[in-house]
Amino acid sequence: MSDIPLDIYSQPSDDISSNLNGSTIVEENVPLNTSIAAGLAINITPSAEFATVSVEKAVSKLNTDGTSGISSVEEVDRRRELHGTNEVNSDDDDDNNGKLGLLKRFLSGFIEDRLILLLIGSAIVSAILHNVGDAISITAAVIIVMLVGFIQEYKSEKSIEALNKLVPAMCHLVRFGRESHVLAATLVPGDIVVFRVGDRIPADLRIIDSVDLSLDESSLTGEPDPVHKSSDPVPENPTGIIPISDRHCIAFMGTLVKEGHGRGLVVATGKKTAFGSIFEMMSTVDKPKTPLQTAMDRLGKELSLFSFVVIGIICIIGIWQGRSWLDMFQISVSLAVAAIPEGLPIIVTVTLALGVLRMAKRKAIVRRLPSVETLGSVNVICTDKTGTLTANHMTVSKMWCLSSMSTKENILNVGSTTDLRNYLAYDVKRTLEIGSLCNNATFSVEHSKFLGNPTDIAILEELTKFGLIDERDNYIKMKEISFNSKRKFMAVGLKQEKHDDKETSLMCVKGAFEVILSRSTNYLTEDGKINKLTEKNRETIIECANHLASDGLRVLAFASRPCQGDDDFTKFSEDDIDDLTFTGLIGMRDPPRATVKPAIKKLLQGGVHIIMITGDSPNTAVSIAKQIGIPVVDQETSVLTGDKLKTMTNEQLANVINHVNIFARATPEDKLNIVQALKKRGDVVAMTGDGVNDAPALKLADIGISMGIIGTDVAKEASDMILTDDDFSTILTAVEEGKGIFNNIQNFLTFQLSTSIAALSMIALATAFNLPNPLNAMQILWINILMDGPPAQSLGVEPVDHEVMKKPPRSRSERILTMGVLGRILGTAFCIILGTVFICVKEMSTNGEMSARDTTMTFTCFVFFDMFNALACRHSTKSIFQIGIFSNTMFNLSVGLSLVAQLCVIYVPVLQHIFKTENLSAFDLLLLTCLGSTVFVVDELRKFIVNQYLTNYVEEENRYATMV
Ligand SMILES: Nc1ncnc2c1ncn2[C@@H]1O[C@H](COP(=O)(O)OP(=O)(O)OP(=O)(O)O)[C@@H](O)[C@H]1O
Ligand SMILES: [Ca+2]
């Protein structure tokens, strides 16, 4: 079996790269060293070459412009022609091999498979013994077996390759003097790239300018701490070799911007990057397998050993009984080929890969195959509120100012009024002014809407209702402390343009009301005076803020302060934002997504604990939670705030977390503690995140989930799954698929193992009772194709049954072969053996030996049994009539084709010759169909009984639940 890329982002997963770290740096320098030694023209990598030259030199060397980039389309095309696309794992190599490569691979399959070699050997022996018919038959059968196996493996590789293309890397490119957001693959040397915090570096860049830039290079060097980078060239080194870790003015492809921002000149793309050269090496390293694949490999080995022992015994007894040793040898080897589920790992991989592609269509991109398995076991989901549970579309709903509205009864309902010019008391006006000044949203003429933070946009959109304008044009922004989830406020320092020769400077602040209030000492009155805030005033403000929040609104407070000249701007830091004048509160509505409520209901039914983690206030969070059906039993135990969380030890947290559904006023750092506490309890945790600070928690969670739209590259890189629509309900889809895929794997396992056991036991029985062999070598090989091939594979793509969510999450340690599955396997095998032996004995009783007709009947009987068995295996508990006979087209197609092929084997003369069969009558076929269907009927009965028992059980559970 071929390697399976577990990480489908175009970057190696951490575990792989860290294994290679030691050799990484050395490897890149090896050609360098040797070429120096040889005195040849130095084959130096571009990043090493450009590390020592100045920015100006680098720009002129690459014949480009440091600000506007490459100037013509022709030039870009020429460079792409020369350097190729910016991809490390392009398909070029594959195409070069073409058809010849495929043939070579097909043929090498014969040599690698020892059992097949044995079969070919036996064909040659047959030929030498003048048994040409047998020789041809075996050779033909072997070719068919290999062909089916080969096609399957080829398709599995193709579907895995498709996974690699699910998450294309993007970047901000400057070309022809314009900035645009493009696929990273389009970059050529000489391009200019802009990057900011959270981005992934798209190629090897010579940094042109940077602000506080630090990069996480762990994927390249294994160094866990971010590395500071700048545009200063590195001094030349006497040895001529500058290690990767010392190239401080180079930003390497695949590394992540942890802080700051900057611009860089593309010096190397694709395979010529430092990352590309490691990637080449890495693709030859065996990728680790998923737990399920490892389990399947183990199971395969165990089964092989078991089969070998049984076959060995059969073989010895047979020869001892004086049967033809060549016959015995052929049958034993075919039996070994059949009984060994060599198709099992391939089917598991294809099932996982196809499942991942299906999920991608449903907006969940799984980046690592093992995560598909883990998804079915998830029993806790920690989710952000804004944007994931809610639409992330804010509108100002209510407003309140202390002086002009005094109490919560007078809160101004902004949402329902269209003209608000009459409400413009001094404090109201000031609050809105601060809102527009302390704001980073911009109006895009191109899109004819505001772009930026939804909170900021909401304020700007409200101005016209009050007849106000955006005040930012009249001021110069001197300083800014940007908003982040930890700080929970934003502040700007502004200077008004000279007005009557007087210069006014001020500081405007907006943010969470607790934060603003604690930094305020005064408030603004409705006629423009500044008064001291009394304790009573503070209580009133808190009461009103809580009132707004209980309505599900996000509450922002606004404040300002005059500044004394430039002095205040030079020391404009987080700690200096105090002594503010409070002006008012604004409440914003961010409606829950419509799909969230039903999704939460289903997840809760499935025994999944849902925890909302939000930066908003407890009241807002509780109100939203109630709207979407997250249970909040009482606010004391169900809600924990970030402050309280910080005072708790991990043990304390682990003890109470069972009852907690909401973490409010939480910071990204809190998420890490929450995941730790949950994992300590043995939970399987899914956690969402989007920012740079969320990365550690995403990594630690069993399933880290990042947001496709608002998420940063850093978060995506750390995550196991990406929601391309940022929608919480997509998580349900993914969990459903995860559970469904696991069920499908169990189902085809049931099918394969029952067939295998039945075939093995029949030959064993026949040998033990000294009867002629009921199936010959070619027939056994044919059965192997059905069992390992298309019918089994099509069980893996059975559509997900939405009722899987009614079952609790699978425990992490649960084996794939549960007692229930084993029971089904043995029961089915028993049924098949009984029926086939019956036909065999009945046919043989007419003349006492195995004629062509007898073996045809027995063989066809087994195949019919097997096809009905496949039908029964489509679902473990539901009747085929419940899931719909036509709901799995691939299944019907492959079973249909198998049956047609079986008829060909019976009626087409050439095939009759190979398989030693002869024509059967219509009555024979009817009889065999009826007999074969018994395995299906019996299983339907079993399902009926199980369901009866299950519904009773569920009702019992429900009754119990309502009693409590
Ligand atoms: N752009 C902003 N400027 C100033 N203050 C803001 C801004 N956005 C939010 N706030 C304030 O910070 C608080 C916390 O916001 P934060 O962004 O941390 O929550 P959130 O992370 O969006 O919620 P969630 O974690 O559910 O996504 C808000 O309640 C609000 O008062
Ligand atoms: Ca097999």
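The backbone N, Cα and C atoms fix where each Cβ goes, and this holds for glycine too.
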Suppose you had to name the range TrEMBL annotates as transmembrane segment; which of 183-207, 333-357 would you pick?
333-357
Six or more residues beyond either end and a Cβ under 8 Å away: which residues meet both conditions relative to the compositional bias 'Basic and acidic residues' (75-84)?
90, 175, 188-190, 269-272
Output the single range from 303-321, 333-357, 816-839, 885-908 maximising the number of Cβ pairs under 8 Å to the transmembrane segment (920-938).
816-839
For the transmembrane segment (333-357), what are the same-chain contacts with Cβ under 8 Å, counting residues 6+ beyond its ends?
1, 4, 8, 113, 115-116, 118-119, 122, 141, 145, 149, 152-153, 155-156, 159-160, 162-163, 166, 290, 292-293, 296-297, 299-300, 303-304, 307-308, 310-311, 314, 365-366, 369, 372-373, 737-738, 740-741, 744-745, 748-749, 752-753, 756, 759-760, 763, 777-778, 780-781, 783-784, 787-789, 792-793, 796-797
Among 135-151, 855-873, 885-908, point out the range having the most Cβ pairs under 8 angstroms from the transmembrane segment (816-839).
855-873
Across the region 'Disordered' (65-94), what are the DSSP residue counts per state (helix, strand, coil)?
14 helix, 0 strand, 16 coil
